[in-house]
Amino acid sequence: MATRDGFQPCLMDTGAPVPMPHWERNLVIVALVVHVMDVGLDLCVAALFVAHAEWVFFLGAAGVIFWAWLVSSLYISFGGGAPTGDIDTDGLSERPSFLLNFAQVQIFAEAYRCIFYSGDTDYFHTLRLMEAILESAPNSLVQLYALVIWAIPGGIELEHAASLLRISVLCSFVSVGLGLAMWEQKVQFRTSSGYVAAVAIMRAFEIAARSATLAVFSGLTHPYGFFWSLAADYCIMLFLIVRHQSVQFTYGLFVALPLVLVSLEPLVWRREDHAVPKDSYYLVRVAEFVVMWMVIIHKQGQQTSSAAESSVLGCEVLALFSMLGLFITLPFVWRVARQHELCRDVADWAEEASKEAMNDDALYSESDGSSGDFDRHGDRDFDELPPE
């Protein structure tokens, strides 16, 4: 029997599902709390932008929230995340599920089922992952951008705004780290609490370094640097996706959007299963980090205002510290991931196999009577020879 911190048995090992480990139940609770805080703070920041008539930042923050809730709800209700059901169901039956997802109600129901009934956590993991990559990651960049060029230079009268933005950004980093770590845990047959925690820390460092560097670079090259840097990186990600040819081009057009900020796929997947291989992805990130910091140092040398320098100092420290943390944690996580490398389709195959086994059991139980009659009469009819 594995210990609580050791690798846990699963369906493929024992042939039957095992109870949810205690640490995994605690992880669901922590993830739900972070989800509530992150969504609530994003809404508060959007209201803050309205109160100070910062309509550009409001449209950015509100657009990210609406886009994330809409795409997540559509995916869960009508796409690959929809639970399997009767083939005769139509689109009307999916509308309640869509509304519950859009209103952030479904995630509470899934968390309740996981915590109190030890239910399957896959659905909850998917909801958290969608919120992390579609809302938390882009909103962390938008809010850091506002922190650089708007909140801090505003002076003491906007000190409460700067504090709110800092807390919201920090919560977004934690949300992204947990969301991607829980996906890492979801796709594996065996996983440990220590590995999941290490992945969460590494992913938080990754999104923090990326968002903070982009925010400082965009603030010093305002107003065009923000959009040009994102557009250039999107083209680079799309080029890497097309060159690697692991996913279809139409899917690559969509998946390249979150790749602009953070790498999506679990590290335990094989290189050929990634939309963008991790080695190519992090090499591009290091190159962009160096180029952006060359521009940042050059631009800061031209600054004469001490207020302008202080407005980016906090983000600069965050970017450098987070990149250092990423370089320290990535080799250890990468080493463990290579030891437990698996194919992208293995987890899906295992889930489908278990469902087929349940369906087969039901089919056999329903056909016991008819099969018995066939054994009693059918075999005799085939074995007996006609009279001569």
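Quick reminder: no glycine exception, Cβ is built from N, Cα and C everywhere.
Automatic prediction, not curation, is the source of TrEMBL annotations.
The transmembrane segment feature in TrEMBL is assigned to 27-49 (among others).
Long-range contacts of the transmembrane segment (56-78) within the same chain: residues 39, 42-43, 45-46, 49-50, 91, 94-95, 97-99, 101-102, 104, 106, 123, 126-127, 130-131, 134-135, 138-139, 142-143, 145-146, 150, each at least 6 residues beyond the stretch ends and with a Cβ under 8 Å from a Cβ of the stretch. The transmembrane segment feature in TrEMBL is assigned to 56-78 (among others).
The annotation transmembrane segment is assigned in TrEMBL to 164-183 (among others).
What TrEMBL records for 249-269 (among others) is transmembrane segment. Counting residues 6+ beyond its ends, the transmembrane segment (249-269) has Cβ neighbours under 8 Å at 133-134, 137-138, 141, 176, 180, 183-184, 187-188, 199, 203, 206-207, 210-211, 230, 233-234, 237-238, 241-242, 275-276, 278, 281-282, 333-334, 337, 340-344 in the same chain.
Tertiary proximity for the transmembrane segment (281-298) is limited to same-chain residues at least six positions away from its ends with a CB under 8 Å from its CB atoms, namely 209-210, 213-214, 216-217, 220-221, 229, 233, 236, 240, 259, 263, 274, 316, 323, 330. Marked as transmembrane segment by TrEMBL: 281-298 (among others).
Positions annotated as transmembrane segment by TrEMBL: 310-334 (among others). Beyond its flanks by at least six residues, the transmembrane segment (310-334) meets 144, 147-149, 152-153, 195, 198-199, 201-202, 205-206, 208-209, 212-213, 215-216, 219-220, 267, 278, 282, 289, 296, 300 of its own chain at Cβ-Cβ distances under 8 Å.
Residues annotated as region 'Disordered' in TrEMBL: 358-388.
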